[in-house]
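What TrEMBL records for this protein:
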- A:Tyr274: active site (ACT_SITE)
- A:His285: active site (ACT_SITE)
- A:Lys316: active site (ACT_SITE)
- A:1-62: domain 'tRNA intron endonuclease N-terminal' (DOMAIN)
- A:170-226: domain 'tRNA intron endonuclease N-terminal' (DOMAIN)
- A:244-331: domain 'tRNA intron endonuclease catalytic' (DOMAIN)
2 protein chains.
Amino acid sequence: MDATLDGDVVRAGGDARQRFYDSRGYGRPTGSGVALAPVEAAHLLYRDDLDAVDGMGFREFLATDDRLVIRFLVYKDFRERGFYLSPAREDWVADPDPATDLVVYPQGKGPWDDEVRYRVRVAGERESVPATDLGGVVLAVVDEESEITYLETTRPAIEGGTDYDPSHTSGDLLADRVVLWDPPQNLYERGFFGQRLAGRGAEDGPLQLSLVEAAHLAREGILDLDVDPAAVVERGREVEGERFDRRLTVYAALRSKGLVPKTGFKFGADFRTYSTVETVENLGHSENLVRVLPAGYAFGPRELSLDARLAGGVHKRTVFALTASSGAIDWLAVERIRP
Amino acid sequence: MDATLDGDVVRAGGDARQRFYDSRGYGRPTGSGVALAPVEAAHLLYRDDLDAVDGMGFREFLATDDRLVIRFLVYKDFRERGFYLSPAREDWVADPDPATDLVVYPQGKGPWDDEVRYRVRVAGERESVPATDLGGVVLAVVDEESEITYLETTRPAIEGGTDYDPSHTSGDLLADRVVLWDPPQNLYERGFFGQRLAGRGAEDGPLQLSLVEAAHLAREGILDLDVDPAAVVERGREVEGERFDRRLTVYAALRSKGLVPKTGFKFGADFRTYSTVETVENLGHSENLVRVLPAGYAFGPRELSLDARLAGGVHKRTVFALTASSGAIDWLAVERIRP
């Protein structure tokens, strides 16, 4: 069967509606024919279900648009996994979102049903993806060798169950950390602030705080220092610039929501978080790896792949905290999936 | 026992030589006394083996130098792991290297022996570390909460056993990949170039090459394209800038050494490498994750931690290819260790 290009759709007549739409969910019906998006036409050409579009075979048709190759690869992959799917075009699907390329139906369902399994955005590994476009979509990244990585992005609720009010204390600023020489007993054991100078097993003795922990406690009026409390924030800015302010904002937000943030350095993240800490002695596993980024950030797919891969390997979830200078935070979780 | 500060050493007299050097490997003997580096004096103060240095206790002494805290934390950690160690000072140890802070002896050995277990460089998580300083040292990174991550850095031999000469072929440049519509049978199956358009299990049909694979084969005179071969490199530079040239240099070097590089995207790396490929059907695991960086690069410890952690989790090794515009490559391997 041949088809013709008509603007940005491919039209097939004859029994095309029955063959392509009714039985296999391609395109949209137009009388007894169908209107196909280029990616659908490419797939039908690839499968030899269409012979030509305006005389072009698969090879020629694929070369008509630079974006068509990677969309085709993702479209084909979902089809091979047993899904029907539609291009997220205006008037073709409910709630088309300009950040979405494809709408994937649950297995066994199709465009004639009204269920959606995934909303998919397609990106090449070299395209940058604004954080604001993510949150309700699966990002399908086609890498340079045409392998596809699926990253599910969501807007997670950040809620923990830690309930602890630290009591007043004092300490010294030492380079880029703070030492409490005589800390309240519970500050570490119940609040999981800092680390014992003597190491993990120690039950008492001096406590080291990170700059961000110290700045938070100083702002809350809980920590007195040998220097002006503003000096801690200044020290942080000296070593990290504006990033320190963003990290402090996120640290305070996590604590206020009942989570306990600790350094995520060993995982290359800003923080790891524990949702509920009763005592450090009975600590569970941390659940999230939090990376703090400025609002308006655009991701390179490679960094998303790296973070999500590492987090998956240690059974944690990557959460990005997109932090505006106003202090507003958008939380974005990213996890690798296999559709 | 009290000691006195004398320039950049701390001097202790009386029976200090016997107590500190002979029996426990602190400092260097000077008659019946010892000369101690500040980090050693701090540790002796911390352990109450020294009472004071010029009237200063541990708390006051630690505040005398901003760099002392993190060096003390690493020094203390090695002592607690059962090692003796010395500051890598001129005249104190053999081959002191300005990039090294501490020399650690094998367990059971000390400064009076001539064996070295680790040469250690100490860094705070916010300091940047030039790649040229690494290669023969263990980088001890003290994170903001004073936990220590040990990264062993080496200059690895890059040698593989893949023996394959591709035969001549042709293809089309399609956006940022190349499709060989009728590839030689062995190019994929023996050489592991590209990926079948039909997917992993396919035994024949069109082959997709990445830009870097295509540029390499075009330069070697093996691949004819529908465009000038320079257009592939140009396309690569359009999407990646100079990074594409560096990646192509490293790709060619790996192939020439008998390794097979494939994309490392799923691991956030430039390449994963297979040391010996006989056939794709009997492929082993890839051993290295290669990241390509410009010569003269300085690492943030956080990225080293992230890369080494991820690679360790998938039983691979992180290898950095520091690539000069001349084409010279320094290979640097980084692995997490527990001393």
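These residue numbers are counts, starting from 1, taken along the chain as shown.
Cβ from N, Cα, C; glycine included.
Note that the structure is a prediction, hence the values are computed from the model and not measured.
According to DSSP, the secondary structure content of the domain 'tRNA intron endonuclease N-terminal' (A:1-62) in residues is 23 helix, 19 strand, 20 coil. According to DSSP, A:His285 (active site) is assigned to coil rather than to any helix or strand. Summarising model confidence by region, the domain 'tRNA intron endonuclease N-terminal' (A:1-62) averages a pLDDT of 95. When secondary structure is read from DSSP and collapsed to three states, A:Tyr274 (active site) falls in the strand class. Taking DSSP states H, G and I as helix and E and B as strand, the domain 'tRNA intron endonuclease N-terminal' (A:170-226) has 14 helix, 18 strand, 25 coil.
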